[in-house]
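Over in TrEMBL, the protein carries these features:
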BINDING   B:Met45, B:Gly194  substrate binding site
BINDING   B:Arg121, B:Ser167  ATP binding site
Amino acid sequence: MNIESIINALNQVREQKPLVVNITNYVVMNNTANGLLALGASPIMAHSQQEMAEMMSFCGALVINIGTLDSQWIPRMRFAIEQANVNHRPVILDPVGCGASALRTETAREFAQLANQLIIRANASEVIALAGEMSKSKGVDALDSSEAALDAARHLMTTYQANVVISGATDYIVTPSHTISLNNGDAMMPHVTGMGCTLSALTGAFAAVGEMSGAAAAAVLGVAGEIAAEQSQGPGSLQMHLLDALYQLNAETLAARLAMVVTP
Amino acid sequence: MNIESIINALNQVREQKPLVVNITNYVVMNNTANGLLALGASPIMAHSQQEMAEMMSFCGALVINIGTLDSQWIPRMRFAIEQANVNHRPVILDPVGCGASALRTETAREFAQLANQLIIRANASEVIALAGEMSKSKGVDALDSSEAALDAARHLMTTYQANVVISGATDYIVTPSHTISLNNGDAMMPHVTGMGCTLSALTGAFAAVGEMSGAAAAAVLGVAGEIAAEQSQGPGSLQMHLLDALYQLNAETLAARLAMVVTP
Amino acid sequence: MNIESIINALNQVREQKPLVVNITNYVVMNNTANGLLALGASPIMAHSQQEMAEMMSFCGALVINIGTLDSQWIPRMRFAIEQANVNHRPVILDPVGCGASALRTETAREFAQLANQLIIRANASEVIALAGEMSKSKGVDALDSSEAALDAARHLMTTYQANVVISGATDYIVTPSHTISLNNGDAMMPHVTGMGCTLSALTGAFAAVGEMSGAAAAAVLGVAGEIAAEQSQGPGSLQMHLLDALYQLNAETLAARLAMVVTP
């Protein structure tokens, strides 16, 4: 993974406009769809079991986000992952609030086990809770630093044969071959709801064009987020400028700003 | 239909503030409600079967949008259309993703058949799929040009006794007496999620004051959209400026910008 | 209640970052979560009965908003209120559309009866309908002046042992010891969907740090709203500037702008 491969992945998303199916939480459906459209992908938010087999047959990736989980959505999500497996589609799992309730922790683990081609994207508290360690999580906001979740992420990688993206002040991408750290973004970003969910959605767009590490999405969102924050007086304008920055982002800006370190 | 009748309809919406009941998808509930409020109408997003008979008795129009359809919402939508018929309320059908799954195509056709006073508002791919022809649709974004859907729209008009709005780079309004083309709007608009859904919602507000062609909503949204695009650096600011432009839109601006051609 | 106690409450929210559990309507989940984050609180939008006992054990407050009510969400809301009672958590009830359907009126009354530590936040039409009087309500927008709802609010206060916040051009806070009027805000605010829902959510954040009158949330939102309106060309920019203004609001600005009258 280097800057050229990230730029190449971005260009492919914009050329192919991959269809990304999102079974996601009610809170972020609008802004994650807008994030995917601003990036250049084609989002569809769908959850009916009656159409999921069809959708998995022609989509590029499936994003599963458990932010507003309930007993009716769990079987739909399970069925969608099974159909993604049948059709060899990548699955991005966002275990929102993992650790805040037994329901979320158990469901996230079941889904991680089920998906064949998996990227897990979560904040540090969720990664730690998913791995079965004691986290400080009580809610959906991270209370642990992303660095503190690195061992847990490696545990998840081995257990579920997954790449793991820990988002935070520093983002870490944990894969079998290397660990990537990204120091873009801005401290104001956690004051916008669903910023991590947007990262998961963008990860789906990149996975659909074959970028399975999760690094390209984190790089693009981090750079767009810091550009947006420089123009913003608060989280309201940050959300708006972020979509504009995603839409405008080009190779030069990405290369000039990206603060990425790849460790073997 | 001419510019005077469109201005008249806009004035009536602002004076009467019609109540528009929306059974719509989760993705766009917020921005379509905001679109209706910015226009001057009074939106209510409701879906419970237990209150729909009451709501149809005092509302101005019903908007049915199948963007996040499932087996629990279908009977509620069906019941709402039945109650709209009982109370002689116009129904606006937005068949989001029609053609992308059998569930969406069949449900959209059933609802189009059921509604007595119907306007269909869809993109070209959805219009073509609803009419039973082969479309390029795979998802919710249009892959066909709106002109390519004109024959399909005329077929829908006859089959369902409905007026049909095809939205796209050029919008077409197909009615028994004439075909209207509108060349407002901006190429950035499809990069904001739910722009077509907003058009369907606004169509409901105009239908509630008796403008049943669909042209006034397309005219107002097209003009407001192009004003907004001129002030915007990307889809984030476009969504914001669009609501401001709808709120500020006056007769002079509408008359100066509207690019409408009416063909008998 | 005076300006010092409001500033103190705001500081406590920002220091403690209380977790506010929201079972709210689909339309406003995104912007109310963003409102809570901009204020400094930690929102979670959840509704599953399977996790609500856990969540009530560690949250700061529960916000129940019936804006998109249905038969599946009612038992979940009931269970959440029961668990809030068990754990001595304050409940904020937002009876959206009370009076517009029997379902909403009856459900709102049942929940008001059930909650032990209750703040009711509603517009005038909803307060009047909840109290059983004849209101002009047909929808979710207020058609009565907030002053006209004062007697009804006092009736609710006695019946349900609740503090009552009537939002409108003037906000009224009705408690056993005094009545507070607030004359901040701006006439453009009702053109943004869910502004009242945001007030209810913020009321939850303040209740979580012990401010149980509802006045602090109304003061903060009113002042932030009028700052935002001064910078806005319409409801689109108002929503954005509001989140920025909530994020930036400090004691000096609050003290300089607050137009509050406390009557014994």
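If you go along the chain as it appears here, the first residue is 1 and each next one adds 1.
In case you wondered, yes, glycine gets a Cβ from its N, Cα and C as well.
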Practice prompt. Note down the number of other Cβ atoms within 10 Å of the Cβ of B:Ser167 (ATP binding site), including every protein chain shown.
Written response: 30
Practice prompt. Would you kindly determine which binding-site residues in the set B:Arg121, B:Ser167, B:Gly194 have their Cβ under 8 angstroms from any Cβ of chain A, listing them in sequence order or replying 'none'?
Written response: B:Gly194
Fill in: Cα-to-Cα gap, B:Ser167 (ATP binding site) vs B:Gly194 (substrate binding site), nearest whole Å
12
Practice prompt. Taking chain C as the partner, extract the binding-site residues from B:Met45, B:Arg121, B:Ser167, B:Gly194 whose Cβ is under 8 Å from a partner Cβ; order them by sequence and answer 'none' if none remain.
Written response: B:Met45
Worksheet item: So what sits near B:Met45 (substrate binding site) in its own chain, CB-to-CB under 8 Å and at least six residues off in sequence?
Response: B:Asn22, B:Ile23, B:Thr24, B:Met29, B:Ala33
Worksheet, complete the sentence: Rounded Cα distance, in Å, between B:Gly194 (substrate binding site) and B:Arg121 (ATP binding site) is 13
Worksheet, complete the sentence: The correct three-state DSSP answer for B:Met45 (substrate binding site) is strand
Discussion item. Taking 10 A as the limit, how many CB atoms besides its own sit near the CB of B:Gly194 (substrate binding site)?
Written reply: 29
Response to the item:
What DSSP gives for B:Arg121 (ATP binding site), in three states, is strand
